[in-house]
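Visitor: Pulled the feature table from TrEMBL, pasting it below:
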type	residues	note
BINDING	Asn60, Asp160, Thr181, Lys182, Gly190, Lys191, Phe192, Gly193, Leu194, Gly195, Ala196, Lys197, Lys516	ATP binding site
DOMAIN	398-557	domain 'DNA topoisomerase VI subunit B transducer'
REGION	1-24	region 'Disordered'
Amino acid sequence: MESECPTETKKGKSKTPKKAKESILKQKSPAEFFAENKNIAGFDNPGKCLYTTVRELVENALDSAEAISELPVIEITIEEIVKSKFNSMIGLVDRERVDEELYDDYETAKAREKRLAKEARAQEIQAKNAALGKKVKEHAVSKSSKGRGEASFYRVTCRDNGRGMPHDDIPNMFGRVLSGTKYGLKQTRGKFGLGAKMALIWSKMSTGLPIEISSSMRGQNYLSFCRLDIDIHRNIPHIHLHEKRDNKDKWHGAEIQVVIEGNWTTYRSKISHYMRQMAVITPYAQFLFKFVSDAPDKNVTIKFARRTDVMPPVPVETKHHPSSVDILLIKRLIAETSKQNLMQFLQHEFVNIGKPLAERLIGEMGPEFSPKTAVKSLTDQQIVRIHQLFRQAKFDDPSGDCLSPAGEYNLRLGIIKELHPDMVATYSGSAQVFEGHPFIVEAGVSVGGKDVKQGLNIFRFANRIPLLFEQGGDVVTRTALKRISWNNYKINQTQDKIGVFVSIVSTKIPFKGTGKEYIGDDISEIASAVKSAIQQCCIQLKSKIVKKMQAREQQERKRNLSKYIPDATNAVYDVLKEMAKSHASKKKRYEEGDADILRKVSDHLITKETLYEKLTQHVEKVDYEMALEYATQTGVREEPREDIYLESLDDKGNFFDFHSPIFVFRLFL
């Protein structure tokens with residue numbers, strides 16, 4: 001019997017290996033990319049999404065008001081929306097559970113009985129421990145009874161008195177990612193055109209509801225109303241309603257309303273801290289914050305009043321510094337420039353390049369370059385040559401004229417208004433440069449205050465935005481903790497209530513990470529400027545603290561001297577009486593001056609009362625002379641002083657502001 005050949009296969013069993021599918025090239029719109037990577041824009045979880053939405057809307061509102069030099073009045077409201085109300089908003093009918101076992105929080109009767117028994121035993125143990133005076137640990141809620149919980153929804157509304165938006169631009173300003181008005185080289189709070197658009201994307205992802213915008217510009221007799229969402233895949237606005245309405249109140253500004261999933265409980269403190277710090281850095285703004293819930297006891301209303309009407313100058317757009325450009329940017333500037341030749345291009349498109357320097361640069365580029373070379377005809381190789389020269393040549397640093405720091409006056413007012421410290425010092429540094437971009441560091445250090453914890457309380461700002469996250473790696477935190485010797489300035493780092501405020505403004509803030517939440521500690525120019533600014537504040541405070549200590553010691557000396565006046569009076573008077581008796585009995589004779597005093601003692605012209613009065617006068621005289629010397633040295637007038645703040649006038653006439661580090665003098669014409 002022949003055996004089957006092992007190499008043969010049964011019919012139909014052989015399979016041809018399948019060819020792998022060819023990869024298909026796909027594209028994503030910017031909106032789709034940020035929807036899938038929303039953490040890049042600070043939308044990490046529902047709580048952070050609520051916080052970031054508030055932050056973005058408030059900062060846009062401030063920018064809008066400051067752009068027209070209008071004192072900002074901003075109202076922000078977070079309204080809690082319960083599940084039944086949310087369902088009615090989207091037209092969804094509530095449905096009772098049919099299959100209980102399907103749900104995450106389902107619990108069998110046996111499991112429930114076991115859980116209740118366990119909780120009862122835990123309560124008995126707690127009661128016994130409490131009776132014995134032992135420390136009682138709070139019983140943790142079992143996992144089965146928690147469940148994941150339901151989503152929480154909130155309507156966030158932000159209203160401002162800014163410049164508003166052109167009617168036709170509103171859809172693209174909110175419904176097209178990476179479109180905006182802040183792309184020039186300029187100090188701005190926002191930069192990427194994401195802010196409110198990310199709130200809209202999150203709204204579409206979590207609730208499916210559109211955003212509503214009301215806006216009117218100065219002098220417009222109509223109000224623009226727009227309801228829209230965003231087509232994620234095509235990155236274009238999907239308009240539900242866009243119309244003009246009557247503007248009877250002649251209001252100008254914008255009101256934005258968006259419904260999103262969020263978590264107020266976990267991020268309540270972050271939102272309140274953000275609003276408080278925003279009030280510190282913008283004391284010229286008025287903020288009204290409200291949280292509205294179905295339960296009245298949960299409602300929150302906080303008003304941050306305006307303290308001054310002096311606003312920082314509006315930041316101006318500037319040109320690029322030669323040392324900060326790359327090849328791609330040079331090509332873009334060439335494509336956009338209106339200048340014809342290389343000489344005009346260099347002078348017009350860059351800062352700190354005048355005609356003499358432009359001629360020298362062109363001469364250094366080589367024989368193929370001349371002042372009249374057509375800039376549009378430059379080859380890629382020639383552009384690389386220009387870039388190489390820009391990196392190697394020496395240029396003057398850019399000035400800080402294009403920047404808009406808060407100013408010492410506003411920073412000081414903000415700190416006093418919100419923290420009520422015992423003493424405060426502020427400092428504003430001169431403009432410095434990092435990679436061709438100017439930056440200014442301002443700092444304030446306070447001691448004491450209301451609602452301030454012991455130790456270092458660090459407040460960080462970048463382009464006048466509070467930074468609340470990633471504090472550990474920030475240059476300000478590391479400098480305050482590791483590079484400042486607080487004891488050298490008579491400040492106790494652990495026991496005193498110390499507030500450290502640092503504000504950095506620049507045309508390009510070198511944020512670390514994607515969330516724009518902290519500035520790294522690896523940039524020596526910024527680290528050095530931050531340290532210097534904090535030290536300057538500490539030097540001012542040391543002078544105040546030393547004088548305060550001297551005054552306290554002086555008061556202590558006066559108190560001690562005054563305490564011993566009665567005993568000293570009795571002792572001196574007893575000695576004088578004994579001396580007077582000896583003088584009267586001629587046992588001992590004294591010189592004429594001393595004899596005259598002793599006669600007065602004998603005749604009761606000098607008594608205990610007169611001695612007590614004279615000693616008291618002497619203590620007062622010594623105290624007064626020391627105080628007068630202190631006042632003379634420090635330039636303080638003798639009468640006590642108190643801070644006063646003048647209310648702003650409603651006069652719309654012309655005036656000039658004369659700025660000082662600690663006050664502003666206004667001269668009306």
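Residue positions begin at 1 at the first shown residue.
A Cβ is built for glycine as well, from the same backbone N, Cα and C atoms used for every other residue.
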Visitor: Validating a neighbour-count step here. Other CB atoms within 10 A of the CB of Lys516 (ATP binding site): how many?
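Guide: A 10 Å sphere around the Cβ of Lys516 (ATP binding site) contains 22 other Cβ atoms.
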Visitor: So if I measure Cβ to Cβ from Leu194 (ATP binding site) and keep only same-chain residues at least 6 apart in sequence, which ones fall under 8 Å?
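Guide: For Leu194 (ATP binding site), the qualifying residues are Phe34, Ala41, Glu56, Val177, Leu178.
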Visitor: State the mean pLDDT for the domain 'DNA topoisomerase VI subunit B transducer' (398-557).
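Guide: Over the domain 'DNA topoisomerase VI subunit B transducer' (398-557), the predicted model scores a mean pLDDT of 89.
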Visitor: Let me check the 10 A CB neighbour count of Asn60 (ATP binding site). How many other CB atoms are there?
Guide: 22
Visitor: Sequence gap of 6 or more, C-beta under 8 Å: which same-chain residues meet both conditions with respect to Ala196 (ATP binding site)?
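Guide: Counting only residues 6 or more apart in sequence, the Cβ neighbours of Ala196 (ATP binding site) under 8 Å are Glu56, Leu57, Asn60, Phe174, Ile211, Ile256, Val258.
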